[in-house]
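Q: One structure, pasted below without further comment.
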Amino acid sequence: MQEKKMLDEVKNGDVNKQTVSKEEEEDEFDESEANDPFQKIMERVGNHGRFQLIYNMTFVLALAAAGSMVYMNIILALDIPEHWCTVPGQELTNYSLDEWRRMTLPTQKDNRGASKHSNCDMYNANFTEIDDWLRWNKTETNVTDCQHGWSYDQTWYESTIPSKENWVCAKDLYVTNTFVVGRVTEVIGSFVLGQMGDVFGRRFIYYISVGCCALGRSFSIITTNVYYVFLFCTGLTGFAVNSLFQAPQIVGMEISREQDRSIIAIYQSVGWSIGTSLMPLLFWWLRDWVAFMWLTTIPTAIVLIFFKYVIESPRWLISKHRYGEAITQFKKIARINGRQFDMTEKELAQMYTNRQVDEVTYGMASLFSGWHLTRNTTIMGFSWCVVAVSYFTLVLFSTRMGGNPFLNFLLQSVVEIPAYVLGRYLGDTYGRRFTNSSSFLISFVACIPLIIYAADIEYEMVMVCLATFIKFLNALTFFTVNLQSMEIYPTCMRQTGIALGTILANAVGVFAPYLVYLGTTVNIRAPYYILGTLFFIGGIGALYLPETLHKKLPDTMEEARHFGKHDKFFSLPKAPPKVKETRQTAEEVRLNQTKFAP
């Protein structure tokens, strides 16, 4: 029996021993991947087959595209168009709209110091009774707030949520509060669902995440007239949105080959960019926020029709000693991959005898047990914070740009795709540690000319290009940090570790609007001073992370505490040596039996 033979090999520590040259034996590489019993089982059921293709295309790439839209659509739907007080009486004159606004609205200074008509005030007069406009003196007329509602510029939108509900002027904080609630619930959800994923499994969290995101955003569409209910529904989406991306990607990486980890990460990153690139085009075409929100929300629920491919992580089940359920998942994968798999629960349990010990974990606190793991967790958390602050600062700056808002948003999304491709190449060639550190440090260098020339309007186009380049590097860094998070933490705490990074990112990301405010009202250089400092510290800190390329994913807390502990600081990762396969085919084994001897 093949499973029995594999069991004996694993217990004896001789799984697929391969012949290597003396020079190759002297090369440093992590042999634990080759001796990992889980990888041996996955080779038997298929770790690069039809099941992995369907799973990763559906739950990593396609779900990321749908999830990015359900996550980001609220940003475009809450855009506040240019607006002004509605003043009756224009139809009784031959004034154009601009002339009418000059006559009926006071002026104010905008954030660039230029004069413009007021958005929230009007002259307190009955304009329908004015007969002689040339003799009417505006300076002697009192100013009041809008008495007849607001008019909205419809150049780009027929309607948005603020224009429908008049969330402007006295209610302009409604939009800000909505974003704040979404941020806070993301932090809470990442903490709660992240730890639940390591306790109750990835599949359970997946279904909760899809349900909360789809229902929360759907009810948001129909409750905008009841603000606090709308806030609750928005918070429900934020509560689950991060786990929507994390849970399927973790499973996809755990059931795939080591060399496929980076491409799985790029699947999700490209899926995200596809969704965020498609979204502004849809709104540009529809122009109405209701149709746009429905069209970008429904796809998240559609993935539920692929329920037969939703599996629980067999690696997680094994870590919980639920061997029978793990066998069920292995058989499902093997069946779709066209493989035979007859291992029993008893054989699987014996394979892991003396390899696992029951560990007591204390949630996120366990990620700070031991100096080495504490250092890794701290650096990863700081990297997440830098990525989040820079991402949201750059995105918010892009919304202050003039011109087509949909095109501005599209360009911010499209620039991410080549960054992910480059990130995968660099990460698989030179390692995750080098890629993470170098992208941070190059971003730091790019901030220097921004600081020097930001106040000079003659270099405005150069500043735009440099800011876009930093956004490109930000996407590259995000890809690498996300991949490192998947690989540094142990199986029993993997989703918790990723959740911790997400919590820190969302919590610190709240400060991004204040950086933008500082740059637009105090000193335009200030955000780049702060971002440049963060990039420099992040680049130096990333050098002290362990390299994860060509390494076995840690399963236990003990493995995580020693992961990369003896790596050389000045080194690049080496691939395991290519060796000759020593397995005999079934036909060779049969012909080598005694009865076939000459």
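Every residue gets a Cβ built from N, Cα and C, even glycine.
Pulled the feature table from TrEMBL, pasting it below:
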type: COMPBIAS; residues: 1-14; note: compositional bias 'Basic and acidic residues'
type: COMPBIAS; residues: 23-34; note: compositional bias 'Acidic residues'
type: TRANSMEM; residues: 53-74; note: transmembrane segment
type: DOMAIN; residues: 59-550; note: domain 'Major facilitator superfamily (MFS) profile'
type: TRANSMEM; residues: 204-222; note: transmembrane segment
type: TRANSMEM; residues: 228-245; note: transmembrane segment
type: TRANSMEM; residues: 265-286; note: transmembrane segment
type: TRANSMEM; residues: 292-311; note: transmembrane segment
type: TRANSMEM; residues: 379-397; note: transmembrane segment
type: TRANSMEM; residues: 439-455; note: transmembrane segment
type: TRANSMEM; residues: 461-483; note: transmembrane segment
type: TRANSMEM; residues: 495-516; note: transmembrane segment
type: TRANSMEM; residues: 528-545; note: transmembrane segment
Q: Excluding the flanking five residues on each side, which residues at least 6 beyond the ends of the transmembrane segment (228-245) place their CB within less than 8 Å of a CB in that stretch?
A: 63-64, 67, 70-71, 74, 177-178, 181-186, 188-190, 192-194, 197, 205-206, 208-213, 215-217, 219-220, 268, 272, 300, 495, 499, 502, 506
Q: Considering pairs 6 or more residues apart, do the transmembrane segment (439-455) and the transmembrane segment (528-545) have at least three CB pairs under 8 Å?
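A: Per Cβ check, the transmembrane segment (439-455) touches the transmembrane segment (528-545).
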Q: At a C-beta cut-off of under 8 Å, are there same-chain residues at least 6 beyond the transmembrane segment (292-311) that contact it? List them, or none.
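A: Hits for the transmembrane segment (292-311): 51, 54-55, 58-59, 62-63, 65-67, 69-70, 73-74, 76-77, 203, 206-207, 210, 213-214, 217-218, 220-221, 244, 251, 255, 279, 282-283, 286, 329, 332-333, 336.
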Q: May I ask which of the stretches 53-74, 265-286, 461-483, 495-516, 528-545 has the most CB pairs under 8 A with the transmembrane segment (204-222)?
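A: The stretch with the most close Cβ contacts to the transmembrane segment (204-222) is 53-74.
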Q: Sort out for me which stretch, of 53-74, 265-286, 379-397, 461-483, 495-516, has the most Cβ pairs below 8 angstroms to the transmembrane segment (528-545).
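A: Maximum Cβ contact count belongs to 379-397.
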Q: Short question: which residues 6 or more past the ends of the transmembrane segment (379-397) have a Cβ under 8 Å from it?
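A: Same-chain contacts beyond the flanks: 412, 436, 440, 443, 467, 470-471, 474, 477-478, 481, 484-485, 488, 497, 500-502, 504-506, 508-509, 511-513, 515-516, 519, 527, 531, 534-535, 537-538, 541-542, 544-545.
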